[in-house]
Amino acid sequence: MNGDSRAAVVTSPPPTTAPHKERYFDRVDENNPEYLRERNMAPDLRQDFNMMEQKKRVSMILQSPAFCEELESMIQEQFKKGKNPTGLLALQQIADFMTTNVPNVYPAAPQGGMAALNMSLGMVTPVNDLRGSDSIAYDKGEKLLRCKLAAFYRLADLFGWSQLIYNHITTRVNSEQEHFLIVPFGLLYSEVTASSLVKINLQGDIVDRGSTNLGVNQAGFTLHSAIYAARPDVKCVVHIHTPAGAAVSAMKCGLLPISPEALSLGEVAYHDYHGILVDEEEKVLIQKNLGPKSKVLILRNHGLVSVGESVEEAFYYIHNLVVACEIQARTLASAGGPDNLVLLNPEKYKAKSRSPGSPVGEGTGSPPKWQIGEQEFEALMRMLDNLGYRTGYPYRYPALREKSKKYSDVEVPASVTGYSFTSDGDSGTCSPLRHSFQKQQREKTRWLNSGRGDEASEEGQNGSSPKSKTKWTKEDGHRTSTSAVPNLFVPLNTNPKEVQEMRNKIREQNLQDIKTAGPQSQVLCGVVMDRSLVQGELVTASKAIIEKEYQPHVIVSTTGPNPFTTLTDRELEEYRREVERKQKGSEENLDEAREQKEKSPPDQPAVPYPPPSTPIKLEEDLVPEPTTGDDSDAATFKPTLPDLSPDEPSEALGFPMLEKEEEAHRPPSPTEAPTEASPEPAPDPAPVAEEAAPSAAEEGAAADPGSDGSPGKSPSKKKKKFRTPSFLKKSKKKSES
């Protein structure tokens, strides 16, 4: 090694910078007004502009002068050449192709066909091409049959059942005239439309050629005519040649019951087919082999035939027959022979199979009762319509449920009403009559604008009336002003099961009527409480307001309650003494009045006083019987007034009232004299004695108004007399009456 060698310094080239990658914002000027306008644009508006850019090419074609000139020339050519020029038909086809919406994904056909090629190109010929004057020549039933049969041909092409221009599917149009629809000979299944079908009779003669110039394969229709002649119930006949069907028709064992599709066909008929039918003996033999009930006929070494009472039923049987043949052909190829197969018992399957009139599947609501094959055929028609075929099929039951509005249209208030309340020229004041009229208008407008939570449904025709009637039914989701909060009064953090148990318990109590006042107090449960009222002392004006369980015997009285029932024995005794003391003073006044009356001259009339309106009870009815006992015995007293009568029965009580004393100073009015002279009705003896006492007392009070015998004293300085209780006072008006 070299001794003067030293550590070398390794120098690396400077790192190369990565090339600048152009970004989106490098190409955009943020200060550009166009960029700012597009950035601030709403997403929906930006999407609309993008759609307009995509449709710009179509708009350019429609707005081009060349297109307008060509269209005008074709219209002028139509006026010159007639109804259906070739250019107009071509333009109509172009319009059909452009307006048809073809999805990006198509269902894969089992065997393929010409329709698959057409769909891949994005061009589909519509099935229902009956437009304008073409549809006038056919009635509604024939139009529907033409659309169904043409759609059936399209399905056969999609499933791969077609064999170039051969094989036929026919349907009966009219049973009386024996007219049938068949495809023109030379037209592919993918080209068949409703207007291109040919109408023929039972002998094969053309009745209506349709929209084509092609004829009919009468030799091919011979098989169909033989079946139609033998089976009046048959409305549709299908004759196809499939590889699997031809393979099964060549087997000696025939169609084996190894699949549900094979068992769903029922009794299968066989016929040794020897080519095109040329003689009548062959027709009779076919009719004999088919029988009156068979729906499926296998032509030996030739093909398959299915019949049905409708187009849908014929499609159902031919579809199951083709599937059963494919299953059998593949099974025998893998099993090695019929002896290695497990056969099903047709008798057991027949008991479980659905009848022709039973509905297939039940959905929500009330779906129609499907016939055999109708539900499957309708589903395939929806598929064709989604692909853009425009089948014109009348759907019996829509697959998609229409979302019913939560609130009916009539619930939306009217934006404009035809009622005006005040005009511009009116003043603020109005008459009461006009105000009332405007109030009626406001009520009517409010009723018109207020929605109703009902839904209208049209009822069909019935036997009684041919008109349809509108029936209003209550809507389920009717709007309410306030929403009910569930479990509003349930405390938080509670067990839901306990709440439900308590709710059920309350409901049972309500049903069994065992409501109580609540839990019984544990403190007062042993205390025995005596009733303050005993039996027979409850006074009321009606027995209906008294519970019979507690008061079975009630005293009915129209007078008021006794005010002395609440007083004790001591208070009653004091009151009795006070009454006796006041009574002695009244007796002295009565004696003075008698003396004054004797001294008065005989020609001076006595001042008359009307008797009281109501009699006073006798002594024995007024004096309570004093009893000795505790305070509870006070409740046993009879509800009567205290004793206010003197000891002698001849002497009556009289209570001088202040009103009577003031009236005594007045001179007798002339109106009072006839009152005294008027005869009074003869009352009972007891009230007469009672009425004499107050009159005598009043006469004494009139003779000597002063209590101390001085007639010169003023009434204000009189000695204070005992005043009767308020319940015994009689008004001045009653006393004068």
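Using N, Cα and C of the backbone, Cβ positions are placed for all residues, glycine too.
The region 'Disordered' annotation in Swiss-Prot covers 1-21 (among others).
DSSP classifies S334 (phosphoserine) as helix under the three-state reduction. Taking a C-beta cut-off of under 8 angstroms and a sequence separation of 6 or more, S334 (phosphoserine) has no same-chain neighbours. The phosphoserine annotation in Swiss-Prot covers S334 (among others), and the record cites similarity to another entry as its basis.
Annotated phosphoserine per Swiss-Prot: S353 (among others), in sequence order.
Taken from Swiss-Prot, the feature phosphoserine applies to S358 (among others), supported by similarity to another entry.
The phosphoserine feature in Swiss-Prot is assigned to S366 (among others); the stated evidence is similarity to another entry.
Swiss-Prot lists 419-430 with the feature compositional bias 'Polar residues'.
If you look up Swiss-Prot, you'll see 419-490 (among others) marked as region 'Disordered'.
Sequence annotations record features per position, and here Swiss-Prot assigns phosphoserine to S431 (among others).
According to Swiss-Prot, the phosphoserine annotation covers S436 (among others), on the basis of similarity to another entry. Mapped onto three states, the DSSP output places S436 (phosphoserine) in helix. Applying an 8 A CB threshold to same-chain residues 6 or more apart, the list for S436 (phosphoserine) is empty.
Feature annotation from Swiss-Prot assigns phosphoserine to S465 (among others).
Annotated phosphoserine per Swiss-Prot: S481 (among others), in sequence order, evidence recorded as similarity to another entry.
Annotation source Swiss-Prot lists compositional bias 'Basic and acidic residues' at 576-601. DSSP assignment over the compositional bias 'Basic and acidic residues' (576-601) gives 24 helix, 0 strand, 2 coil.
Annotation comment: Swiss-Prot describes 576-737 (among others) as region 'Disordered'.
Other Cβ atoms within 10 Å of the Cβ of S586 (phosphoserine), summed over all protein chains shown, number 19. As annotated by Swiss-Prot, phosphoserine applies to S586 (among others).
The annotation compositional bias 'Pro residues' is assigned in Swiss-Prot to 602-614.
Taken from Swiss-Prot, the feature phosphothreonine applies to T614 (among others), supported by similarity to another entry.
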Over the region 'Interaction with calmodulin' (717-734), what is the model's average pLDDT? 58
